[in-house]
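So the structure is just underneath, and the comments pick up after that.
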């Protein structure tokens, strides 16, 4: 077997709308292409020996052991690889269950789809599954050592990339509230919400957390001085920089017992408490110097260690922290008790799980020695042996919830302290013998104020009630049930995507909002180009959704991006599907128009239930998407007599209809007339029906988002098929005694659309400079030739600079084949170089003629036209003598009239 390609999906996709995290592996079975598993000697036995846990996979039989039944009876190797990849992840602690295996149009090549939690782990699992299956085919077994290494590698990948427990709690709460989130470049840096409404967090610091507060909290001594000056009970202490000053510092704080800790440490690193001798003090000083140059010496206060969490000025949780310890059973040594407690599945390395495994350090041995024990000692039953002086969870400690026990005065004091320091989220370390009584009564003290406090002890205490502290954070960042979202409008289809996206963005600008939009020619925010290029995939969508100024996102969503990575967002408010026609077939294992329709349907299916799928009622494949989506439906149609639309409106639906020469919104008993087509520059005076359809779709998408009819009308009237607003989309130039038209038509449907306009526009001679992308099918090029023969009087066949792997001259030959099939006496020539072909077309243009250029490079075509001298770009305006498609006379011009639909 051979892996041909591995792709990672991260959003709604062709395989699943709900499951975003999928690996798609293109697998060539090679010699196993026609060999089911039951025909491979020893394969079943070898697979069961390697992975007996596959017994739990149901598969199509729908019962325990169902998958292994399939293997015994005979199934193809791609299917087995799918299940093995899922099981390897499961054994590494990643609970995944979704998978699909489908044969492609190429015999023996399969697409194997597996769910993942961690991207790198998912890709590793796919490769390991192929290795495992191939090994069993070749040798009858997969070495146990290799399997163990695979599982360990997967565990390491999962641990290294997983969100920390605090971040995970925040993300889960965001998902619960329907707030979208995304992980940014740093491991714990996340974004909650989109655009102008988004917030960012790193660990438990928010973008509202003041840097002065953080800096102050990190300077333990400065914090203590400020709090002491405010009458807050804090430990007596001082800061030293040299060992020679230690003895004097001990005297200053009142003698032993003392605490020594680094000035700017965290997570308990370098801290030693309950120091009772000079030898211990020297060792503690050296340990603290490993973390910081400046050392704090404080008086040691006896009591219980409490963490009080304050969010947005309010105490939301309190936990008593208990240092790492074991409890004797009268039989086991301390070393054995530690090993036993570390087997707890809730304990992991670092912050992986709710508890951390106990690891010993210098202070551990000191504590044992002070208690008269060694690791080989057997403590009596019930005896507590402390292994750490500090109670941090990161050193193996545990937590007991005390939220309901804290005294009101202590709540007031904690909230006051956090305001003094200036933090929105803070964790206070309080030492007192009883948190239910005021600190002042028990000589309790506030030891530290921590920025970015951990949430583990509160969301998963060892004893007591788990507290939803992440909910308090969400309430602070998104008050009054705010969602953090901005309107997202996604536009897809075979043709018209860029024009419709630009028009929709232009209409939305009439509302005064900042619009971010992506197209095949670039990413834009407001009136400014952010990045040029074909930016119709998820990465470009993220640029818009991460921008803090964007209030509305209009995203052109192309086929390629959906296939490669899925959508760049979880859900949209509006999903527009313009049409589905033959293009890109045979690429990415999308071989039929129906498969292409299923791919583009992802946009319609990913709309929020309270949003709208805007669908073309005149395209049966697009109209059928209404059955797949949970969103509301809005249709647009060029046919005012559409039965589908009539029934939809009767049921209370909304539609955009081209009727009597008007673009109209129809809802219930009323028709809201927006504008006559001939008044809309984009429609070329009403002579470009495909542009009318694009305008209908954009108007309807804006309308269902509560953009007013007046604002829609203003947008339509001021948007032009020009180089500045729609480069490469029906750009018409007046070159004196002839005209040139530039359009990025590159598939049969777009050729037909351009042809309809050309026939309406001129009766003069029509010259076409035609071609197509090299990665299309042979039959597609033949079809382009046939259409060109029907449209143009003279044809110049050229090829793209980038032939996309096709031999030079091949595409041209296929196009000319199509030309001669339709018109054997057609006038044509082949000039493969695009620049030469365009110049030839312009050179031979007759008076009153039209040169139609369908280029690979729009910018090059426009530049060559402008080199011709004085060139005027024509923008079609209202023309009373213009023939409008399907125009009817005698219609009232009011914007709202009663309708009979």
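Including glycine, each Cβ sits where the backbone N, Cα and C put it.
Copied over from Swiss-Prot, here are the features:
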BINDING   493, 494, 495, 496, 497, 498, 499  ATP binding site
DOMAIN    224-478  domain 'ATP-grasp'
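Overlay of Swiss-Prot feature records on the structure.
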residue: 493; record: ATP binding site; Cβ neighbours (10 Å): 26
residue: 494; record: ATP binding site; Cβ neighbours (10 Å): 25
residue: 495; record: ATP binding site; Cβ neighbours (10 Å): 26
residue: 496; record: ATP binding site; Cβ neighbours (10 Å): 26
residue: 497; record: ATP binding site; Cβ neighbours (10 Å): 25
residue: 498; record: ATP binding site; Cβ neighbours (10 Å): 24
residue: 499; record: ATP binding site; Cβ neighbours (10 Å): 28
What other residues of the same chain, not counting 493, 494, 495, 496, 497, 498, 499, have a CB atom within 8 A of the CB centroid of the ATP site?
-> 491, 500, 578, 579, 694
State the mean pLDDT for the domain 'ATP-grasp' (224-478).
-> 92
Would you mind pulling the DSSP three-state label for residue 495 (ATP binding site)?
-> coil
